[in-house]
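Trainee: Before we start, here is the structure in question, set down as C-alpha coordinates.
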Amino acid sequence: MIKTQLLTVNAIGNVLAGANLTGVLRETWRKNTMLSSQQRGAIQDLTYGVLRYYSQLDTLLQSLLHKPLPDRRLHYLLLVSLYQLNYSKAPVHAIVNHAASSARMLAGNRGASGLVNAILRNFIRQQEMLLAQTKQDETARYAYPQWWIDKLRQQYPQHYAGILLAGNQHPPMTLRVNQKQITVSDYQARLQACAIDSEWLWGSALRLTRPVAVEQLPGFAEGLVSVQDAGAQLAAPLLDVGAGMRVLDACAAPGGKSTHLMELADIKLTVMDKHAERLTMLQENFTRLKMPDYQLICGSALEPSQWWDGQLFDRILADVPCSASGVVNRHPDIKWLRRPGDIETFTQTQRIMLRKLWPLLCRGGKLLYATCSIFSEENNLLVTEFLSDHEDARALPCTHETIIHHGQLLPSTRHDGFFYALLQKN
Ligand SMILES: C[S@@+](CC[C@H](N)C(=O)[O-])C[C@H]1O[C@@H](n2cnc3c(N)ncnc32)[C@H](O)[C@@H]1O
(Lines of atoms letter the chains of each structure in order from A and count residues from 1; the text may use other names and numbers.)
(Lines give C-alpha, C1' and ligand atoms only; values in the text may rest on other atoms or scores of the structure.)
Protein backbone atom coordinates (compact mmCIF):
# COMPACT_ATOMS: atom_id res chain seq x y z
CA MET A 1 0.00 0.00 0.00
CA ILE A 2 2.81 2.42 0.92
CA LYS A 3 4.74 1.64 -2.26
CA THR A 4 1.52 2.17 -4.23
CA GLN A 5 0.97 5.54 -2.57
CA LEU A 6 4.55 6.69 -3.12
CA LEU A 7 4.51 5.77 -6.81
CA THR A 8 1.14 7.48 -7.17
CA VAL A 9 2.51 10.64 -5.54
CA ASN A 10 5.43 10.56 -7.96
CA ALA A 11 3.17 10.09 -10.99
CA ILE A 12 0.85 12.95 -9.97
CA GLY A 13 3.83 15.25 -9.39
CA ASN A 14 5.18 14.47 -12.86
CA VAL A 15 1.82 15.10 -14.55
CA LEU A 16 1.27 18.38 -12.71
CA ALA A 17 4.78 19.41 -13.77
CA GLY A 18 3.62 19.05 -17.39
CA ALA A 19 4.08 15.38 -18.40
CA ASN A 20 1.44 13.30 -20.14
CA LEU A 21 -0.31 10.75 -17.88
CA THR A 22 -0.13 7.79 -20.27
CA GLY A 23 3.62 8.35 -20.71
CA VAL A 24 4.16 8.79 -16.96
CA LEU A 25 2.42 5.49 -16.14
CA ARG A 26 4.28 3.67 -18.94
CA GLU A 27 7.54 4.92 -17.43
CA THR A 28 6.40 3.85 -13.92
CA TRP A 29 5.75 0.30 -15.15
CA ARG A 30 9.10 0.23 -16.99
CA LYS A 31 11.07 1.27 -13.89
CA ASN A 32 9.11 -0.95 -11.45
CA THR A 33 8.87 -4.30 -13.17
CA MET A 34 8.13 -6.14 -9.89
CA LEU A 35 4.72 -4.48 -9.42
CA SER A 36 1.82 -6.94 -9.33
CA SER A 37 -1.17 -6.33 -11.60
CA GLN A 38 -3.12 -5.43 -8.45
CA GLN A 39 -0.56 -2.76 -7.51
CA ARG A 40 -0.58 -1.37 -11.04
CA GLY A 41 -4.37 -1.26 -10.98
CA ALA A 42 -4.32 0.61 -7.64
CA ILE A 43 -1.75 3.17 -8.87
CA GLN A 44 -3.78 3.70 -12.02
CA ASP A 45 -7.06 4.13 -10.12
CA LEU A 46 -5.57 6.59 -7.64
CA THR A 47 -3.71 8.63 -10.24
CA TYR A 48 -6.73 8.90 -12.53
CA GLY A 49 -9.00 9.64 -9.58
CA VAL A 50 -6.86 12.45 -8.17
CA LEU A 51 -6.44 14.04 -11.61
CA ARG A 52 -10.17 13.72 -12.30
CA TYR A 53 -11.00 15.71 -9.14
CA TYR A 54 -7.76 17.66 -8.75
CA SER A 55 -9.13 21.19 -8.23
CA GLN A 56 -11.82 19.95 -5.87
CA LEU A 57 -9.33 18.02 -3.72
CA ASP A 58 -6.86 20.89 -3.81
CA THR A 59 -9.51 23.36 -2.63
CA LEU A 60 -10.36 21.01 0.25
CA LEU A 61 -6.71 20.71 1.17
CA GLN A 62 -6.08 24.46 1.02
CA SER A 63 -8.91 24.98 3.48
CA LEU A 64 -7.16 22.60 5.90
CA LEU A 65 -3.70 24.19 5.68
CA HIS A 66 -2.54 27.24 7.61
CA LYS A 67 0.63 27.51 5.51
CA PRO A 68 2.08 25.63 2.53
CA LEU A 69 3.54 22.20 3.29
CA PRO A 70 7.34 21.96 3.43
CA ASP A 71 7.48 19.31 0.71
CA ARG A 72 5.30 19.28 -2.44
CA ARG A 73 5.18 15.47 -2.29
CA LEU A 74 3.35 15.69 1.06
CA HIS A 75 0.81 17.90 -0.67
CA TYR A 76 0.22 15.26 -3.37
CA LEU A 77 0.09 12.50 -0.74
CA LEU A 78 -2.69 14.40 1.02
CA LEU A 79 -4.57 14.81 -2.26
CA VAL A 80 -4.38 11.03 -2.72
CA SER A 81 -5.70 10.47 0.81
CA LEU A 82 -8.51 13.00 0.38
CA TYR A 83 -9.46 11.29 -2.87
CA GLN A 84 -9.58 7.95 -1.06
CA LEU A 85 -11.62 9.38 1.82
CA ASN A 86 -14.16 10.93 -0.55
CA TYR A 87 -14.35 8.47 -3.41
CA SER A 88 -13.16 5.01 -2.29
CA LYS A 89 -14.57 2.33 -0.03
CA ALA A 90 -11.25 1.80 1.79
CA PRO A 91 -11.59 1.94 5.62
CA VAL A 92 -10.93 5.42 6.98
CA HIS A 93 -8.39 4.30 9.61
CA ALA A 94 -6.39 2.38 6.99
CA ILE A 95 -6.25 5.43 4.71
CA VAL A 96 -5.01 7.68 7.51
CA ASN A 97 -2.47 5.16 8.86
CA HIS A 98 -1.01 4.44 5.42
CA ALA A 99 -0.79 8.14 4.61
CA ALA A 100 1.06 8.78 7.89
CA SER A 101 3.54 5.96 7.18
CA SER A 102 4.06 7.18 3.60
CA ALA A 103 4.68 10.71 4.91
CA ARG A 104 7.40 9.39 7.21
CA MET A 105 9.04 7.61 4.27
CA LEU A 106 8.81 10.71 2.07
CA ALA A 107 10.07 13.28 4.58
CA GLY A 108 12.32 10.99 6.56
CA ASN A 109 10.99 12.22 9.91
CA ARG A 110 8.13 11.63 12.33
CA GLY A 111 7.00 15.27 12.21
CA ALA A 112 5.64 14.82 8.68
CA SER A 113 3.69 11.77 9.69
CA GLY A 114 2.10 13.63 12.64
CA LEU A 115 1.22 16.57 10.41
CA VAL A 116 -0.45 14.39 7.76
CA ASN A 117 -2.29 12.47 10.44
CA ALA A 118 -3.58 15.71 12.03
CA ILE A 119 -4.70 17.22 8.69
CA LEU A 120 -6.62 14.10 7.68
CA ARG A 121 -8.30 13.75 11.08
CA ASN A 122 -9.27 17.41 10.91
CA PHE A 123 -10.83 16.76 7.49
CA ILE A 124 -12.78 13.74 8.75
CA ARG A 125 -14.20 15.82 11.63
CA GLN A 126 -15.44 18.57 9.30
CA GLN A 127 -16.02 16.54 6.13
CA GLU A 128 -19.64 17.53 5.51
CA MET A 129 -19.12 21.23 6.09
CA LEU A 130 -15.95 21.35 3.95
CA LEU A 131 -17.61 19.48 1.09
CA ALA A 132 -20.55 21.88 1.23
CA GLN A 133 -18.09 24.78 0.97
CA THR A 134 -16.56 23.40 -2.24
CA LYS A 135 -20.00 23.69 -3.86
CA GLN A 136 -19.62 27.50 -3.67
CA ASP A 137 -16.55 27.44 -5.88
CA GLU A 138 -17.06 26.45 -9.55
CA THR A 139 -13.58 25.07 -10.18
CA ALA A 140 -13.94 22.88 -7.09
CA ARG A 141 -17.56 21.86 -7.79
CA TYR A 142 -16.91 20.80 -11.40
CA ALA A 143 -13.19 19.96 -11.05
CA TYR A 144 -12.10 21.89 -14.16
CA PRO A 145 -10.02 25.04 -14.65
CA GLN A 146 -12.09 28.22 -14.67
CA TRP A 147 -11.28 29.11 -18.32
CA TRP A 148 -12.58 25.70 -19.41
CA ILE A 149 -15.86 26.15 -17.49
CA ASP A 150 -16.30 29.68 -18.86
CA LYS A 151 -15.69 28.58 -22.45
CA LEU A 152 -18.20 25.76 -22.25
CA ARG A 153 -20.80 27.93 -20.52
CA GLN A 154 -20.46 30.46 -23.32
CA GLN A 155 -20.57 27.85 -26.10
CA TYR A 156 -23.20 25.53 -24.59
CA PRO A 157 -25.37 27.60 -22.21
CA GLN A 158 -27.92 24.75 -22.01
CA HIS A 159 -25.56 21.78 -21.79
CA TYR A 160 -22.33 22.92 -20.14
CA ALA A 161 -22.94 21.48 -16.66
CA GLY A 162 -23.87 18.06 -18.10
CA ILE A 163 -20.79 18.09 -20.34
CA LEU A 164 -18.49 18.91 -17.42
CA LEU A 165 -19.98 16.17 -15.25
CA ALA A 166 -19.87 13.60 -18.08
CA GLY A 167 -16.13 14.26 -18.40
CA ASN A 168 -15.65 13.17 -14.78
CA GLN A 169 -17.33 9.78 -15.24
CA HIS A 170 -15.43 6.53 -15.70
CA PRO A 171 -15.40 5.88 -19.45
CA PRO A 172 -17.27 2.83 -20.73
CA MET A 173 -15.42 0.00 -22.47
CA THR A 174 -16.88 -0.36 -25.94
CA LEU A 175 -16.02 -2.91 -28.60
CA ARG A 176 -16.21 -2.73 -32.37
CA VAL A 177 -17.08 -6.06 -33.90
CA ASN A 178 -15.16 -6.82 -37.10
CA GLN A 179 -18.16 -7.50 -39.31
CA LYS A 180 -15.88 -8.88 -42.03
CA GLN A 181 -15.30 -11.84 -39.73
CA ILE A 182 -18.39 -12.21 -37.50
CA THR A 183 -21.84 -10.66 -37.04
CA VAL A 184 -22.57 -8.46 -34.03
CA SER A 185 -25.17 -10.89 -32.64
CA ASP A 186 -22.84 -13.89 -33.02
CA TYR A 187 -20.05 -12.01 -31.24
CA GLN A 188 -22.42 -10.92 -28.48
CA ALA A 189 -23.29 -14.60 -27.98
CA ARG A 190 -19.56 -15.43 -27.75
CA LEU A 191 -19.21 -12.74 -25.06
CA GLN A 192 -22.16 -14.15 -23.17
CA ALA A 193 -20.62 -17.62 -23.25
CA CYS A 194 -17.63 -16.08 -21.42
CA ALA A 195 -19.96 -14.42 -18.87
CA ILE A 196 -19.25 -10.95 -20.31
CA ASP A 197 -22.43 -8.86 -20.49
CA SER A 198 -22.79 -6.30 -23.25
CA GLU A 199 -25.32 -3.90 -24.72
CA TRP A 200 -25.64 -3.11 -28.44
CA LEU A 201 -25.44 0.65 -29.02
CA TRP A 202 -25.37 1.12 -32.81
CA GLY A 203 -23.62 -0.28 -35.90
CA SER A 204 -20.85 -2.58 -34.70
CA ALA A 205 -20.65 -1.06 -31.20
CA LEU A 206 -21.13 -3.21 -28.08
CA ARG A 207 -20.73 -1.56 -24.70
CA LEU A 208 -19.56 -3.88 -21.92
CA THR A 209 -21.40 -3.72 -18.62
CA ARG A 210 -18.04 -4.05 -16.86
CA PRO A 211 -14.60 -3.47 -18.39
CA VAL A 212 -12.41 -6.56 -18.83
CA ALA A 213 -8.78 -7.09 -19.87
CA VAL A 214 -8.55 -7.39 -23.66
CA GLU A 215 -6.98 -10.86 -23.30
CA GLN A 216 -10.31 -12.03 -21.89
CA LEU A 217 -12.21 -10.96 -25.02
CA PRO A 218 -12.97 -14.01 -27.17
CA GLY A 219 -11.18 -13.84 -30.52
CA PHE A 220 -9.35 -10.59 -29.73
CA ALA A 221 -5.95 -11.92 -30.84
CA GLU A 222 -7.55 -13.32 -34.02
CA GLY A 223 -9.00 -9.90 -34.92
CA LEU A 224 -12.73 -10.53 -34.30
CA VAL A 225 -13.00 -7.34 -32.29
CA SER A 226 -11.32 -4.04 -31.41
CA VAL A 227 -11.71 -1.68 -28.46
CA GLN A 228 -13.05 1.65 -29.72
CA ASP A 229 -15.35 4.28 -28.28
CA ALA A 230 -18.86 4.29 -29.78
CA GLY A 231 -18.54 7.96 -30.82
CA ALA A 232 -15.31 7.20 -32.69
CA GLN A 233 -17.17 4.37 -34.45
CA LEU A 234 -19.40 6.91 -36.22
CA ALA A 235 -16.54 8.24 -38.37
CA ALA A 236 -16.03 5.39 -40.84
CA PRO A 237 -19.75 4.89 -41.73
CA LEU A 238 -20.15 8.67 -42.22
CA LEU A 239 -17.41 8.63 -44.86
CA ASP A 240 -19.57 6.29 -46.95
CA VAL A 241 -16.81 4.20 -48.58
CA GLY A 242 -17.42 1.78 -51.46
CA ALA A 243 -15.44 -1.05 -53.05
CA GLY A 244 -12.42 0.05 -55.09
CA MET A 245 -12.36 3.65 -53.79
CA ARG A 246 -9.05 5.40 -53.21
CA VAL A 247 -9.13 6.50 -49.58
CA LEU A 248 -6.62 8.58 -47.61
CA ASP A 249 -6.50 8.54 -43.81
CA ALA A 250 -4.23 11.53 -43.28
CA CYS A 251 -3.75 11.35 -39.47
CA ALA A 252 -4.21 7.65 -39.05
CA ALA A 253 -2.30 6.29 -36.05
CA PRO A 254 -3.01 4.12 -34.10
CA GLY A 255 -5.45 3.07 -36.80
CA GLY A 256 -8.78 2.86 -34.97
CA LYS A 257 -10.75 4.56 -37.73
CA SER A 258 -8.73 3.30 -40.69
CA THR A 259 -9.17 -0.34 -39.68
CA HIS A 260 -12.89 0.36 -39.37
CA LEU A 261 -12.90 1.78 -42.94
CA MET A 262 -11.24 -1.44 -44.13
CA GLU A 263 -13.87 -3.52 -42.33
CA LEU A 264 -16.64 -1.68 -44.19
CA ALA A 265 -15.46 -2.07 -47.80
CA ASP A 266 -12.62 -3.34 -50.01
CA ILE A 267 -10.92 0.00 -50.47
CA LYS A 268 -7.48 1.10 -51.68
CA LEU A 269 -6.27 2.69 -48.47
CA THR A 270 -3.35 5.03 -47.87
CA VAL A 271 -2.61 5.56 -44.19
CA MET A 272 -0.35 8.34 -43.05
CA ASP A 273 0.89 9.77 -39.78
CA LYS A 274 3.66 12.13 -38.83
CA HIS A 275 4.93 9.99 -35.95
CA ALA A 276 6.79 6.81 -36.84
CA GLU A 277 6.38 5.22 -33.39
CA ARG A 278 2.60 5.66 -33.62
CA LEU A 279 2.66 4.04 -37.06
CA THR A 280 4.20 0.96 -35.43
CA MET A 281 1.08 0.67 -33.24
CA LEU A 282 -1.03 1.07 -36.38
CA GLN A 283 0.82 -1.73 -38.13
CA GLU A 284 0.28 -4.04 -35.14
CA ASN A 285 -3.45 -3.32 -35.27
CA PHE A 286 -3.61 -3.93 -39.02
CA THR A 287 -1.77 -7.23 -38.59
CA ARG A 288 -4.00 -8.40 -35.73
CA LEU A 289 -7.14 -7.55 -37.71
CA LYS A 290 -5.74 -9.37 -40.78
CA MET A 291 -6.17 -6.32 -42.98
CA PRO A 292 -5.36 -6.68 -46.69
CA ASP A 293 -2.73 -4.55 -48.47
CA TYR A 294 -2.51 -0.84 -47.79
CA GLN A 295 -0.04 1.96 -48.46
CA LEU A 296 1.80 3.32 -45.42
CA ILE A 297 3.36 6.79 -45.36
CA CYS A 298 5.26 8.48 -42.55
CA GLY A 299 4.68 12.10 -43.48
CA SER A 300 2.89 15.32 -42.69
CA ALA A 301 -0.62 16.26 -43.75
CA LEU A 302 0.70 19.82 -43.77
CA GLU A 303 3.08 19.00 -46.63
CA PRO A 304 1.42 16.87 -49.31
CA SER A 305 4.05 17.96 -51.85
CA GLN A 306 6.51 15.73 -49.93
CA TRP A 307 4.58 12.48 -50.41
CA TRP A 308 1.54 12.79 -52.73
CA ASP A 309 1.79 11.01 -56.12
CA GLY A 310 -0.76 13.33 -57.77
CA GLN A 311 -3.62 10.77 -57.96
CA LEU A 312 -6.82 12.16 -56.49
CA PHE A 313 -8.63 10.43 -53.63
CA ASP A 314 -12.36 9.54 -53.56
CA ARG A 315 -12.47 9.87 -49.79
CA ILE A 316 -10.26 11.58 -47.20
CA LEU A 317 -10.40 11.23 -43.45
CA ALA A 318 -8.81 14.18 -41.62
CA ASP A 319 -8.90 13.11 -37.96
CA VAL A 320 -6.75 16.06 -36.97
CA PRO A 321 -4.66 16.60 -33.82
CA CYS A 322 -6.78 18.62 -31.37
CA SER A 323 -7.23 19.71 -27.75
CA ALA A 324 -8.89 16.32 -26.95
CA SER A 325 -11.38 18.21 -24.78
CA GLY A 326 -14.03 15.58 -25.62
CA VAL A 327 -12.09 12.71 -24.05
CA VAL A 328 -11.14 14.01 -20.60
CA ASN A 329 -12.96 11.05 -19.06
CA ARG A 330 -10.15 8.86 -20.52
CA HIS A 331 -7.39 11.47 -20.12
CA PRO A 332 -8.11 13.60 -17.02
CA ASP A 333 -4.58 15.09 -17.18
CA ILE A 334 -5.69 17.09 -20.24
CA LYS A 335 -7.78 19.37 -18.02
CA TRP A 336 -4.66 20.53 -16.16
CA LEU A 337 -2.10 20.37 -18.98
CA ARG A 338 -3.94 22.49 -21.53
CA ARG A 339 -3.66 26.27 -21.45
CA PRO A 340 -6.23 28.61 -23.02
CA GLY A 341 -3.68 29.70 -25.66
CA ASP A 342 -3.21 26.07 -26.84
CA ILE A 343 -6.58 26.15 -28.59
CA GLU A 344 -5.39 28.81 -31.03
CA THR A 345 -2.24 26.75 -31.76
CA PHE A 346 -4.39 23.71 -32.56
CA THR A 347 -6.76 25.67 -34.79
CA GLN A 348 -3.86 27.11 -36.81
CA THR A 349 -2.62 23.59 -37.60
CA GLN A 350 -6.15 22.29 -38.26
CA ARG A 351 -6.93 25.17 -40.62
CA ILE A 352 -3.77 24.58 -42.69
CA MET A 353 -4.29 20.81 -42.72
CA LEU A 354 -7.81 21.11 -44.07
CA ARG A 355 -6.69 23.55 -46.78
CA LYS A 356 -3.71 21.40 -47.81
CA LEU A 357 -5.73 18.17 -48.00
CA TRP A 358 -8.69 19.62 -49.93
CA PRO A 359 -6.91 19.73 -53.36
CA LEU A 360 -6.18 15.98 -53.03
CA LEU A 361 -9.91 15.17 -53.21
CA CYS A 362 -11.61 14.34 -56.55
CA ARG A 363 -14.76 16.11 -57.75
CA GLY A 364 -17.77 14.58 -56.04
CA GLY A 365 -15.43 13.13 -53.43
CA LYS A 366 -16.01 13.45 -49.66
CA LEU A 367 -13.72 14.55 -46.86
CA LEU A 368 -14.59 13.89 -43.23
CA TYR A 369 -13.06 16.44 -40.86
CA ALA A 370 -13.01 14.99 -37.33
CA THR A 371 -11.83 16.03 -33.87
CA CYS A 372 -12.30 14.64 -30.38
CA SER A 373 -12.84 18.20 -29.16
CA ILE A 374 -15.93 19.98 -27.90
CA PHE A 375 -14.54 23.51 -28.38
CA SER A 376 -16.25 25.22 -31.30
CA GLU A 377 -13.05 27.04 -32.40
CA GLU A 378 -11.66 23.67 -33.53
CA ASN A 379 -14.99 22.51 -34.90
CA ASN A 380 -17.93 24.33 -36.45
CA LEU A 381 -16.26 27.77 -36.42
CA LEU A 382 -13.28 26.41 -38.32
CA VAL A 383 -15.43 24.52 -40.83
CA THR A 384 -17.74 27.50 -41.37
CA GLU A 385 -14.70 29.64 -42.19
CA PHE A 386 -13.41 26.95 -44.58
CA LEU A 387 -16.76 26.75 -46.37
CA SER A 388 -16.93 30.50 -46.80
CA ASP A 389 -13.47 30.46 -48.47
CA HIS A 390 -14.11 27.42 -50.70
CA GLU A 391 -16.91 27.73 -53.21
CA ASP A 392 -16.31 24.16 -54.37
CA ALA A 393 -17.10 22.76 -50.91
CA ARG A 394 -20.47 22.02 -49.37
CA ALA A 395 -21.34 20.45 -46.04
CA LEU A 396 -23.40 17.26 -46.11
CA PRO A 397 -25.58 16.39 -43.12
CA CYS A 398 -23.95 14.17 -40.48
CA THR A 399 -27.03 12.34 -39.41
CA HIS A 400 -27.08 10.17 -36.33
CA GLU A 401 -29.30 10.21 -33.25
CA THR A 402 -26.38 11.32 -31.06
CA ILE A 403 -25.02 14.14 -33.22
CA ILE A 404 -26.45 17.50 -32.32
CA HIS A 405 -26.55 20.69 -34.27
CA HIS A 406 -23.41 21.46 -36.38
CA GLY A 407 -21.94 17.94 -36.22
CA GLN A 408 -21.15 18.00 -32.51
CA LEU A 409 -21.36 14.83 -30.45
CA LEU A 410 -21.31 15.76 -26.77
CA PRO A 411 -19.71 13.39 -24.24
CA SER A 412 -22.08 11.19 -22.28
CA THR A 413 -21.95 7.99 -20.27
CA ARG A 414 -22.32 6.06 -23.57
CA HIS A 415 -19.59 7.72 -25.65
CA ASP A 416 -16.87 10.38 -25.82
CA GLY A 417 -17.20 13.85 -27.35
CA PHE A 418 -16.43 14.21 -31.09
CA PHE A 419 -17.03 16.59 -33.93
CA TYR A 420 -17.68 15.53 -37.51
CA ALA A 421 -18.05 17.63 -40.66
CA LEU A 422 -18.61 15.82 -43.95
CA LEU A 423 -17.56 18.01 -46.86
CA GLN A 424 -18.21 17.25 -50.53
CA LYS A 425 -16.37 18.74 -53.50
CA ASN A 426 -18.72 20.16 -56.10
C1 LIG B 1 -6.64 12.11 -33.28
S2 LIG B 1 -5.18 11.26 -33.59
C3 LIG B 1 -5.68 10.13 -34.84
C4 LIG B 1 -6.45 8.94 -34.33
C5 LIG B 1 -6.70 7.92 -35.43
N6 LIG B 1 -7.39 8.50 -36.55
C7 LIG B 1 -7.50 6.75 -34.91
O8 LIG B 1 -8.73 6.71 -35.07
O9 LIG B 1 -6.91 5.84 -34.35
C10 LIG B 1 -4.27 12.41 -34.50
C11 LIG B 1 -3.02 11.87 -35.15
O12 LIG B 1 -2.45 12.91 -35.96
C13 LIG B 1 -1.07 12.70 -36.00
N14 LIG B 1 -0.45 13.94 -36.52
C15 LIG B 1 -0.11 15.07 -35.84
N16 LIG B 1 0.38 15.99 -36.70
C17 LIG B 1 0.34 15.43 -37.93
C18 LIG B 1 0.71 15.87 -39.23
N19 LIG B 1 1.22 17.08 -39.43
N20 LIG B 1 0.52 15.04 -40.26
C21 LIG B 1 0.00 13.79 -40.08
N22 LIG B 1 -0.34 13.31 -38.88
C23 LIG B 1 -0.20 14.13 -37.82
C24 LIG B 1 -0.71 12.31 -34.58
O25 LIG B 1 0.50 11.60 -34.57
C26 LIG B 1 -1.92 11.44 -34.19
O27 LIG B 1 -1.62 10.09 -34.40
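Including glycine, each Cβ sits where the backbone N, Cα and C put it.
What TrEMBL says about a protein is an automatic prediction, not a curated fact.
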Trainee: Do you know which of ASP309, ASP314, ASP319 TrEMBL groups with CYS251, ALA252, ALA253, PRO254, GLY255, GLY256, LYS257, ASP273 in the S-adenosyl-L-methionine site?
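Mentor: Given CYS251, ALA252, ALA253, PRO254, GLY255, GLY256, LYS257, ASP273 bind S-adenosyl-L-methionine in TrEMBL, the matching entry from ASP309, ASP314, ASP319 is ASP319.
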Trainee: Which ones in the same chain are close to LYS257 (S-adenosyl-L-methionine binding site), with CB under 8 Å and 6+ residues apart in sequence?
Mentor: ALA232, ALA235, ALA236, ASP249, LEU317, ASP319, ALA370
Trainee: Got a sec? Which of these recorded positions, CYS251, ALA253, CYS372, has the most Cβ atoms within 10 Å?
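Mentor: Result for the most crowded candidate: CYS372.
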Trainee: Work out how many Å separate ALA253 (S-adenosyl-L-methionine binding site) and CYS372 (active site, nucleophile) at their Cα atoms, rounded off.
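Mentor: Cα of ALA253 (S-adenosyl-L-methionine binding site) to Cα of CYS372 (active site, nucleophile) measures 14 Å after rounding.
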Trainee: I need the least crowded one of these binding-site residues (GLY255, ASP319), counting other C-beta atoms within 10 angstroms of each C-beta.
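Mentor: Selected from the binding-site residues GLY255, ASP319 on minimum Cβ neighbours within 10 Å: ASP319.
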Trainee: Sorry to bug you, but what's the C-alpha spacing from CYS372 (active site, nucleophile) to CYS251 (S-adenosyl-L-methionine binding site), rounded to the closest Å?
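Mentor: Approximately 13 Å lies between the Cα of CYS251 (S-adenosyl-L-methionine binding site) and that of CYS372 (active site, nucleophile).
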Trainee: Between the Cα atoms of CYS372 (active site, nucleophile) and GLY255 (S-adenosyl-L-methionine binding site), what distance do you get, rounded to the nearest Å?
Mentor: 15
